[in-house]
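Below is one structure, written out as structure tokens, with a few remarks after it.
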Amino acid sequence: MRPKTFPATTYSGNSRQRLQEIREGLKQPSKASTQGLLVGPNSDTSLDAKVLGSKDASRQQQMRATPKFGPYQKALREIRYSLLPFANESGTSAAAEVNRQMLQELVNAGCDQEMAGRALKQTGSRSIEAALEYISKMGYLDPRNEQIVRVIKQTSPGKGLAPTPVTRRPSFEGTGEALPSYHQLGGANYEGPAALEEMPRQYLDFLFPGAGAGTHGAQAHQHPPKGYSTAVEPSAHFPGTHYGRGHLLSEQPGYGVQRSSSFQNKTPPDAYSSMAKAQGGPPASLTFPAHAGLYTASHHKPAATPPGAHPLHVLGTRGPTFTGESSAQAVLAPSRNSLNADLYELGSTVPWSAAPLARRDSLQKQGLEASRPHVAFRAGPSRTNSFNNPQPEPSLPAPNTVTAVTAAHILHPVKSVRVLRPEPQTAVGPSHPAWVAAPTAPATESLETKEGSAGPHPLDVDYGGSERRCPPPPYPKHLLLPSKSEQYSVDLDSLCTSVQQSLRGGTEQDRSDKSHKGAKGDKAGRDKKQIQTSPVPVRKNSRDEEKRESRIKSYSPYAFKFFMEQHVENVIKTYQQKVSRRLQLEQEMAKAGLCEAEQEQMRKILYQKESNYNRLKRAKMDKSMFVKIKTLGIGAFGEVCLACKLDTHALYAMKTLRKKDVLNRNQVAHVKAERDILAEADNEWVVKLYYSFQDKDSLYFVMDYIPGGDMMSLLIRMEVFPEHLARFYIAELTLAIESVHKMGFIHRDIKPDNILIDLDGHIKLTDFGLCTGFRWTHNSKYYQKGNHMRQDSMEPGDLWDDVSNCRCGDRLKTLEQRAQKQHQRCLAHSLVGTPNYIAPEVLLRKGYTQLCDWWSVGVILFEMLVGQPPFLAPTPTETQLKVINWESTLHIPTQVRLSAEARDLITKLCCAADCRLGRDGADDLKAHPFFNTIDFSRDIRKQPAPYVPTISHPMDTSNFDPVDEESPWHEASGESAKAWDTLASPSSKHPEHAFYEFTFRRFFDDNGYPFRCPKPSEPAESADPGDADLEGAAEGCQPVYV
């Protein structure tokens, strides 16, 4: 950077002494040397040859290392020729009249009014350039004025975009004046104000264009009066060998001054000062400093670098250029350490494809982005100080030192905007942050050197030669929207689209609204307008919105209420179960007497299992995870089959219920109650539920597989039980019902079909389809809405008298007696249920309590000892009437030999509810004389059972009655989808809402092995090798409780 003080010589004295010596030296000038510069054939000879020769001699003298106090006369001779324009400063020019037009132009250019007036007086108002020279020479008195002149010299008005600019004077091509010869400028005095003295007259014209305003699209320009001749107005076509092609310059209104921060607020900013540092750069180290349109210098190259080997430093221009278009080239200037020939050598060989767009600086001129959006800077001549050789290279032509090389603009329709009329611009404080261009990929345009072109150094940026200004802190990205000027940073298609929208007069908000509904062409623009910090995903099209709305509308407020009530209840229940498991662990550890370290280890194991359980609960299950082996039984609206889980090869009993049948028969509440009791039951009397899940058509219960069969199958085989066997089973049944009552449930469907016998001969309860816990979710009315038929499963229906579904006669019978018993079972247990074991208060709906289950115990005891139910009838309707009139229909046959205790227990259980045993719980039955031989204080399940079923292998199903695979349930299953669709009626609009919170997974899942298989009596004869493997795997499996 040039030093702030003047003169830039080795003289060490104050300013007043220097002025005095200058004046004395001017009175006694020394003889000038006759050595001159090399003059070309077309050089300008208007300057005195003696002056040129003297200056050349002074340069040669300065190249030598002079001592601090060198020859004084040579220094004065140097100063004399640099101050020739001010030779009359001590004459009558002080009283000369100041040209008001020139004064105004200097003030507009940023000069101080007092200094401008003094300069015009001292120069006699000859020209503006003379006044600027005076101001620059007096800049040591006021550094601000020196800075103003330096900025004016380094910058120039922007290039115009008019296709045919008006030429106010003959161009260089048509005059006798030719471009002066190339000569080197060296020495310290050329860094100071005397640099303009070396400028030929033709190049000074480009520093001071007219101040008139004109529209860019007009063919003619209006030119107000100027303080200098119109013959020196800038508009010329540069021909010659120095240029790769012709460059056309046109006049632009005002001075394109890039003012420094010291006087920026004193003068009105112009349209050119709104340029900012380019956001991206070409790959070849081509980046951009803050001053647009300029090339700044690099200071790290040696002065002896040959021509063409110096880097060029690019500063972006205002508008973009496109490949193949005759648009504005980037204005180039050589570095201070390079030759001017570098520019012309590159200019003739390097194709400039494009110039990257420079971003607008937010500190400058925020309100004028639309007045002249395509005006670029016109670069002024750049001074150099590194030309130490007095002679140019012989291989180079004689170029001039002008670096304001521009190209003719062809107006591109993309860059055209509607400009109504030029208006004077004033400095206004910013009221809104400037629109920041969206981040784009760096420009891919680079300088591609043709063959024979020199330039080994990459193009990079040097910020040392220009006044840098730090940008302000950025605004939040979500507050910055793209402006009209941002259209230059996108591709050509997006440019055309955005300009067409702006010409139609649409606002940014309108375009933002239309972009969400428009075509794919403005997808890029729509993405840039989205708020970047929003965490909510933005839906791209209206079709997704419609799908989302349809999904939301499909769930009614009733469904939301239904779901939330059950969900909150289950969340609370889950927490209570977690606390209960922790308390249970603490109690067990206290009983075992574990030390503190062992207890802590057990707690960690429980915590890990809790974490695994939470993760497994979220895993979705479906029926494809199981393989069906064999059907075990068929119920009213479902079936039970033996299934194997694929991953663990464990055997389960999987109960499947069709949703359509559950809804048609109003069994939603009963299914919910069955799921709840099976999930909550954690004792040895109830079949354990491991998983429950659902799909579109069915509900699935995955439970313990009890291989011993049910009590009904055993009754059919044995017909009549011995009294000791009946006593054992009724005692276990009493304990099982007691456990259900303690859980808060009523089974309501205790019958031999729902009593299973495990492999040890002990019983378990199953099929809680009619169970109720007196909960709001177990109430059938909670699931009913509209005009849906309200019918309980135990209410007589039309199918009760229809025994056409009984197919016992279709089977081949080996024994007539067995066939008759099977038909009797069909009569007792039809597909729609039987009232044989139901208490009369339940059938009469007079209100019932847990006593109804004890009625069923008396009926089962009667059937075990007698061989048939007490209210057997040909049809379910007749059976129901007999149950209701139990006082007249209940008779114990006289031919059956029963003990008095058994008769008494039957009559005390099958009686009115107010005098029935069990009012005080199961203790009433335990105290009955019939159980005198049973010790209820001991765990009865640990006692050996009178009857142990025969199980040959884990998948043995011989204890279950064979089931016809072509049963009505299977025939109807093919029409389940069709029947399911017909449920979408006004009375049952959303049937799937009834099965919320159905999914379940047990915490203690026994590692996938639900039961223990006993060793077969003869393994070699009863099991094949595959079955033996399964048997061995399940042999040692016991429930694992932490």
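Glycine residues also receive a Cβ, built from the backbone N, Cα and C atoms like all the rest.
Per Swiss-Prot, these features apply:
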{"type": "MOD_RES", "residues": "Ser82", "note": "phosphoserine"}
{"type": "DOMAIN", "residues": "97-138", "note": "domain 'UBA'"}
{"type": "REGION", "residues": "100-140", "note": "region 'Interaction with ubiquitinated AMOTL2'"}
{"type": "MOD_RES", "residues": "Thr267", "note": "phosphothreonine"}
{"type": "MOD_RES", "residues": "Ser362", "note": "phosphoserine"}
{"type": "MOTIF", "residues": "472-475", "note": "motif 'PPxY motif'"}
{"type": "MOD_RES", "residues": "Ser534", "note": "phosphoserine"}
{"type": "DOMAIN", "residues": "626-931", "note": "domain 'Protein kinase'"}
{"type": "BINDING", "residues": "Leu632, Gly633, Ile634, Gly635, Ala636, Phe637, Gly638, Glu639, Val640, Lys655", "note": "ATP binding site"}
{"type": "ACT_SITE", "residues": "Asp749", "note": "active site, proton acceptor"}
{"type": "DOMAIN", "residues": "932-1010", "note": "domain 'AGC-kinase C-terminal'"}
{"type": "MOD_RES", "residues": "Thr999", "note": "phosphothreonine"}
The region 'Interaction with ubiquitinated AMOTL2' (100-140): DSSP-derived helix, strand, coil residue counts:
33 helix, 0 strand, 8 coil
Say we define neighbours as other CB atoms within 10 Å of the CB. Which of the binding-site residues Leu632, Ile634, Val640 has the fewest?
Ile634
Write down the Cα-Cα distance for Gly638 (ATP binding site) and Thr999 (phosphothreonine), rounded and given in Å.
18
Spatial separation of Gly638 (ATP binding site) from Ser82 (phosphoserine) - C-alpha basis, Å:
113
Alpha-carbon distance [Asp749 (active site, proton acceptor); Val640 (ATP binding site)] in Å:
17
Which one is it: of the modified residues Ser82, Thr999, which Cβ has the fewest other Cβ atoms within 10 Å in this structure?
Thr999
Let me check the 10 A CB neighbour count of the residue listed as 'active site, proton acceptor'. How many other CB atoms are there?
25
Going by DSSP, is Ile634 (ATP binding site) sitting in a helix, a strand, or coil?
strand
What Cα-Cα separation, expressed in whole Å, is found between Ile634 (ATP binding site) and the residue listed as 'active site, proton acceptor'?
16
Provide the three-state secondary structure of Thr999 (phosphothreonine) computed with DSSP.
coil
Among all the protein chains here, how many other CB atoms are within 10 A of the CB of Gly638 (ATP binding site)?
22
For the C-alpha pair, I'd like the distance in angstrom between Leu632 (ATP binding site) and the residue listed as 'active site, proton acceptor', rounded off.
20
What does the structure give for the C-alpha distance between Gly638 (ATP binding site) and the residue listed as 'active site, proton acceptor'? Integer Å is fine.
16
Along the domain 'UBA' (97-138), what average pLDDT does this model show?
83
